[in-house]
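Straight from TrEMBL, the features:
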| type | residues | note |
| --- | --- | --- |
| TRANSMEM | 30-50 | transmembrane segment |
| TRANSMEM | 57-85 | transmembrane segment |
| TRANSMEM | 105-122 | transmembrane segment |
| TRANSMEM | 142-159 | transmembrane segment |
| REGION | 185-255 | region 'Disordered' |
| COMPBIAS | 191-208 | compositional bias 'Polar residues' |
| COMPBIAS | 214-223 | compositional bias 'Basic and acidic residues' |
| COMPBIAS | 235-245 | compositional bias 'Basic and acidic residues' |
| TRANSMEM | 310-332 | transmembrane segment |
| TRANSMEM | 371-394 | transmembrane segment |
| TRANSMEM | 414-434 | transmembrane segment |
| TRANSMEM | 510-540 | transmembrane segment |
| TRANSMEM | 552-572 | transmembrane segment |
| TRANSMEM | 592-618 | transmembrane segment |
Amino acid sequence: MTVAQYSLEEPSDGGHAHFTGSTRAHVWAWRRYIILIATPFLLAPLPAIVDGSEARCAYVVMLMAVYWFTTALPVGVTALLPIILFPTLGILDTNSTTMLYMKDTNMLFAGGLFMAVAIEYWGLHKRIALRILMLVGSEPQWLMLGLMGATWFLSMWISNTATTSMMIPITEAILQQLQDTLPQTDKDQTRNVTVSTVSGNSKETSVELQELPAPDKGDKEPNGDAGDATQQKNGETDAHHKGDGNHGNQGAKGSDPDFDRMCKGMSLCICYSATCGGIGSLTGTGPNLILKENSDLIYDKSTLSNPVTFGSWMAFGVPLSLLVVVICWFWLQIAFLGRRGVLGWCMRGEKQDAERSRSVKKLIKDEYKKLGPIVFGEGMVLACFFLLVTLWVTRDMGGQVGWGQLFDVAVKDSVPAVFVGILLFILPSTWPGLRSYSRYSHPQKTGPAVQERKITIRPLLDWPIVHEKFPWQLLFLLGGGFALSGGFDKSGLSDWIGEQLEFFRDWNEWSVLVMICYIAAACTEVTSNTAMSSVLLPIMERLASNIGSHPLIYMFPVCLSTSFAFMLPVATPPNAIVFTYGRVNIGDMMKAGVVMNILAVPCVVLMTKTLGVAVFGFEENPADFLKNTTQLVAVSM
């Protein structure tokens, strides 16, 4: 989430994003320094007047919240503040604080992102997306479904931002092809939009998707949000428009309003399905990992095993995310494809429909043919992907079955993640005797070795590629979230907040969950979802303990609701990327997004109380939880 940085680039005239001049940047620079300097002093009376570690921890939380909200500091840098403030304010000692920044969950995240980088670098995500589009029809409703399905699936495994930045050019090329098949009179009325078709060249693809940013909001983040990543992506998408001053001038006089509405719906479906896909897998987005770590800490204090594993998360998350995507598909058709149905914009006769259908199919097939056959390196990456998912799912299948039971000590999901991540640096990308070897199939097709026709056996990944594409900021952001959780418990702040919320004991649990989830979804529109979950989850755990409910029945829906950032371009990098292409303005996104928030939150609560109970046993509050109030603390404490 990039509130401040995106404001430097937000267009004032409805056009595509760009810097609006040195004056505006100068003003923001002064505001940034004012926020950085004034905030600590304005909050200083809190620990000075109110004695106790709770007030000191609240000071740190509020300071980080302001910096995260305004992005006066990069979100990853703000996440490092507990290393300075916790020891100096007497909340946690230095060793206890720093150990929270490199935990099992961070290793799970790192291994998963090695896999994501390999998929992106070898172009497998583009191959999968185009293959899915070849299976659906060429009519708008089925094209939208195909685009959403491809984006949804890919965003479970790679960065939401990388997925969106790859899918949006494909969508633009399809829309341009649809526009070209309109009758000439309508074509003259429709605004002239210069778009860049997606190149099949794997080198160009790797340059276009240069960086996997932070969470969705944050990314994959796992699917997450990084300010510099969004700013960079805005600049990249700027290049696609070729300086067309008319681009983004929605609803201009003389344009075809039905076609414009369809373009808006097709664009929004990409960023919305990327957001939904992130909740489908454990490594899909930052809040999921925050919840996993907090649940580990809860169960470590009891004699029970944690039911939250990669396999159980997918059993719950995939149906939930698929339900939200289907609802989103229906809503976008109603909102943007017209009341006459999805073909209302182009009811021009059978001949034109057949021409449009052939044109779109040909475009997709041509783009897929440009990728060529699957080469040895792509096959190896695909094999590693299936190996990783298989190891994750089969590690713990109900607590009694799974390969993890073969070992005397606990083996968690980070073990296969790191194992497969290391394999990517070992396995070759070419093999003697295979066709791909003589063609030098590695994506990096430039350099002296290629020019001189020298064949070099290289691994699937090397460190310079990982260094360039890996969202390092996320490691610090996740660590900062874990540090906040530890500080919440050690200082007693979570106890104090939980006591203030005990009046919810007399409320209906459904009403409490829906209300809190709507608050979380609203807050995530203007701040990092990972940061938001880091603050809310310790409070939800304490609230559940105080009113006698299972902690996870409050933590799960609140955590997932922090990923529902549908309303604003600044809410998450996928929204910002779609916005910079100019098809959608802020009003369009807010109107569609507010309905998505209204519809998605009840889905989360309903699935938590039904499927969540079946998968995780939420309704059964263990005796250990009732006997001992659980604490979100680090294992080392």
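The backbone N, Cα and C atoms fix where each Cβ goes, glycine too.
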Can you see whether the transmembrane segment (510-540) and the transmembrane segment (414-434) are touching - at least 3 CB pairs under 8 angstroms, only pairs 6 or more apart in sequence? no
Looking only at the recorded stretches 105-122, 310-332, 592-618, which one has the largest tally of CB-CB distances under 8 Å to the transmembrane segment (414-434)? 105-122
Run the contact check on the transmembrane segment (371-394) against the transmembrane segment (105-122): 3 or more C-beta pairs under 8 Å, excluding pairs closer than 6 in sequence. yes
Cβ under 8 Å to the transmembrane segment (552-572), counting only same-chain residues 6 or more beyond its ends: which ones? 1-3, 6-7, 10, 160, 216-218, 225, 271-272, 275, 278-279, 285, 287-288, 290-291, 294-295, 298, 308, 320, 509, 513, 516-518, 520-521, 523-526, 529-530, 532-533, 536-537, 540-541, 543-544, 578-579, 586, 589-590, 592-594, 596-597, 600-601, 604-605, 608-609, 612, 616, 618-619
